[in-house]
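What TrEMBL says about this protein:
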type	residues	note
COMPBIAS	1-10	compositional bias 'Pro residues'
REGION	1-56	region 'Disordered'
DOMAIN	59-118	domain 'NLE'
REPEAT	151-192	repeat 'WD'
REPEAT	193-225	repeat 'WD'
REPEAT	236-282	repeat 'WD'
REPEAT	283-316	repeat 'WD'
REPEAT	413-454	repeat 'WD'
REPEAT	455-496	repeat 'WD'
REPEAT	498-531	repeat 'WD'
Amino acid sequence: MASLTAPPPQAGTKRPRSSAQEHQVSAPVPDFGADSDDDVEDVARGKGGDEGGTPSSMIVQFATLEGENKGPQIDVPLGSTVLQMEELMNQLLENKDKVPYTFYVNDAEVMETLEQTVSELAVSTEAVLRVSYQPLAVFRVRPVTRCTSTMPGHTEAVLHVNYSPDGTMLASGGGDMTVRFWDVQTSLPRFTCRGHRHHVLCTAWAPNGKRFASADRKGEIRLWDPSKGVQQGQPLSAHKQWVTSLAWEPLHRNSAGERLASSSKDALIKIWNTRTGRCEVTLSGHADSVEKIIWGGEGLLYSASRDRTIKVWNVEGEGRKLGILVRTLVGHGHRVNTLALSCEAALRTGPFGKEECALKAVSKFTPEEAQAVALERYNLARGGEPERLVSGSDDFTLFLWNPVDGKKPLARLTGHQQPVNHLAFSPDGRRFASASFDKKVKVWDGRTGTFLATLNGHVSAVYQVAWSADSRLLVSASKDSTVKLWEMVALKRAKATLPGHADEVYALDWSPDGSAVASGSKDRTIKIWAH
């Protein structure tokens, strides 16, 4: 293996000599595709550049996202791909086991080669280039490629499918007014729960997995015990119109996991104590239907409305402190349809990380232990930064916000040609995807909002997207009756098209352990897709 050394001064360049160069700092280098070690050294020393003296390499200082320098400044070929830089980082950090990384230059992710990113950003090749890196999930989710089971039972369209936080059960709700629980291992029905008097429009698992909430077009919310398939208590009925969204309080904020928020077309949000069945507070302030709510990890609740605003509410404390409007986020020119939160995957699964699920130890946790693990996973997902919120609208735009600290958007994102239906952050928070009526899925940088790619392939409206647990794969569901699989390494085309449904695909979810995808359709079936 050749060593990558600082290059001698080249004619026609004004690159300053750093202290690293003065001392001829060297670092191990991976195979950059040269035919021999001599060729590698020639490339590293800039001999493969243009005759006019254009450098073919740059002095790079690698650093963590927090700004801590790692290793010496080294000369890296501009043609280095992400995989080659990844191999270099593993050698520099002396990792015993190979760790995947992502790299950033000035907050822009390196998608293909270092040279491409430097060129797009018009970064000077004469200065030391600071490249930030972030480790990715070590485990890899295998692409889903085939339908392993078709689950009939619903007599009308399947509108929702949701894996439990620990991934052991699947819940579905549909136009037939039922909620159904399915065994993940056998794909057989466990319970069919009746009681709703209209279409089941929204559903949500409690983060501890012990309860499941569903709401219908009549405005009623019902709570279910998934282990027995029975209703818990009386329906929660105070909304005057149908319920549009449900959100449980994150487990790391309250170990009891008893509080549930609901939003409605009546423009109100209600916070329920599910143990007593009472509404603790009603949040009023929106002038039109509230389309989506998310209960964040900082004691705040976010709501999106047809009145073109997003509101931030304080939902902790007692008495008058509970339900105070913190701020209103303004920017959209039409109704706001959907929201996504950067830490949403960690909030949804609570204490059930991949390692915890593999060990099957969570069931033995006390509520306090489960809360502590959930907090640890949330802080890890947050990465020392405030949680970020993205909103999508009928005005075809998205806005990226820092809702904890301010009113001004971090970015306004354009590109869709029709209303935005759905948004989802990757579990690592590095990217988010948007689905639209314009038949396209777009992928954006989760920290800056920078556009990354348009995923073309669907021939009709895209309803929903879902990420794999390792953030490397994405699936999309469409009116065209297909599910498509996309790989983040190759963003230009679908990795696989998964046909099989006979009608529009409304619902989609990826299991927390990454082993399977569930899709629900207007054809009244649920399909499970696996490797």
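Just so it is clear, glycine is given a Cβ too, placed from its N, Cα and C backbone atoms.
Long-range contacts of the repeat 'WD' (151-192) within the same chain: residues 198-205, 207-209, 212, 214, 216, 222, 224, 226, 228-229, 348-350, 352, 357, 362, 503, 506-513, 515-516, 518-528, each at least 6 residues beyond the stretch ends and with a Cβ under 8 Å from a Cβ of the stretch. Mean pLDDT of the predicted structure over the repeat 'WD' (151-192): 97. DSSP places the residues of the repeat 'WD' (283-316) in helix, strand and coil in these numbers: 0 helix, 19 strand, 15 coil.
Same-chain residues lying 6 or more positions outside the repeat 'WD' (413-454) and placing a CB less than 8 Å from one of its CB atoms are 102, 107-109, 111, 134, 136-137, 334, 337-346, 381-383, 388, 390-400, 460-467, 469-471, 474, 476, 478, 486, 488, 491-492.
Across the domain 'NLE' (59-118), DSSP helix (H, G, I), strand (E, B) and coil residues number 16 helix, 20 strand, 24 coil.
Through the fold, the repeat 'WD' (283-316) approaches residues 241, 244-250, 252-253, 259, 261-271, 322-330, 332-341, 343-344, 346-347, 378, 382, 386-387, 389, 391, 393, 401, 403-404 of its own chain, all at least 6 residues removed from its boundaries and within a Cβ separation under 8 Å.
Break the repeat 'WD' (498-531) down by DSSP state and the numbers are 0 helix, 18 strand, 16 coil.
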